[in-house]
Amino acid sequence: NLFQFRKMIKKMTKKEPVVYYAFYGCYCGKGGRGKPKDATDRCCFVHDCCYEKVTGCNPKWGYYTYSMNKQIVCGGDDPCKKQVCECDKAAAICFRDNLKTYKKKYMSFPNFFCTDPSEKC
């Protein structure tokens, strides 16, 4: 769920997720349209696509089983919740892997600037 996703992002990036990612670019946060602005925004686009493929549970609110030490390990018997966990894990790792190209100009980015045709998942 969103609270667990926040913890994963914080663990992987050492950044406060709400500040750094909740309103970043065209796809981070609620909704999304246009073309991703950079690699970090693409992480959010791919995460949105991943959530679209989830069936059988609500990705944003259902709790899943996972552990975090040096890496994130998704567990539990519920295949839907495990899939959500894997979506969140992939995005958190993607954010970490793209920290060097993170652009502050895309923080709190007004989505009315996201006018390019939207990409398909």
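Note: Cβ is positioned from N, Cα and C throughout, glycine not excepted.
Database features, via Swiss-Prot:
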| type | residues | note |
| --- | --- | --- |
| ACT_SITE | HIS47 | active site |
| ACT_SITE | ASP88 | active site |
| BINDING | TYR27, GLY29, GLY31, ASP48 | Ca(2+) binding site |
| DISULFID | CYS26-CYS114 | disulfide bond |
| DISULFID | CYS28-CYS44 | disulfide bond |
| DISULFID | CYS43-CYS94 | disulfide bond |
| DISULFID | CYS49-CYS121 | disulfide bond |
| DISULFID | CYS50-CYS87 | disulfide bond |
| DISULFID | CYS57-CYS80 | disulfide bond |
| DISULFID | CYS74-CYS85 | disulfide bond |
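Structure coloured by features recorded in Swiss-Prot.
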residue : record              : CB count, 10 Å
TYR27   : Ca(2+) binding site : 27
CYS28   : disulfide bond      : 26
GLY29   : Ca(2+) binding site : 16
ASP48   : Ca(2+) binding site : 17
CYS49   : disulfide bond      : 15
CYS80   : disulfide bond      : 16
CYS85   : disulfide bond      : 26
CYS87   : disulfide bond      : 23
ASP88   : active site         : 26
CYS121  : disulfide bond      : 11
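Residue environment of CYS114 (disulfide bond) contains 19 other Cβ atoms, counted within 10 Å of its Cβ in all protein chains. Under the DSSP three-state reduction, CYS87 (disulfide bond) is assigned to helix. With respect to their backbone Cα atoms, CYS87 (disulfide bond) and CYS121 (disulfide bond) stand 14 Å from each other.
Cβ neighbour count for CYS43 (disulfide bond) (all protein chains, 10 Å cutoff from its Cβ): 26. Each of CYS26, CYS28, LYS30, GLY32, CYS44, PHE45 belongs to the same chain as TYR27, GLY29, GLY31, ASP48, is absent from that list, and has a C-beta within 8 angstroms of the C-beta centroid marking the Ca(2+) site. Annotation note: CYS74 (disulfide bond) sits in a strand segment as assigned by DSSP. Within 10 Å of the C-beta of CYS44 (disulfide bond) there are 23 other C-beta atoms, taking all protein chains into account. Here the disulfide-bonded residues are CYS26, CYS57, CYS74, CYS94, and the one with the most other Cβ atoms within 10 Å of its Cβ is CYS26.
Reported as a whole number, the C-alpha separation between CYS28 (disulfide bond) and HIS47 (active site) equals 9 Å.
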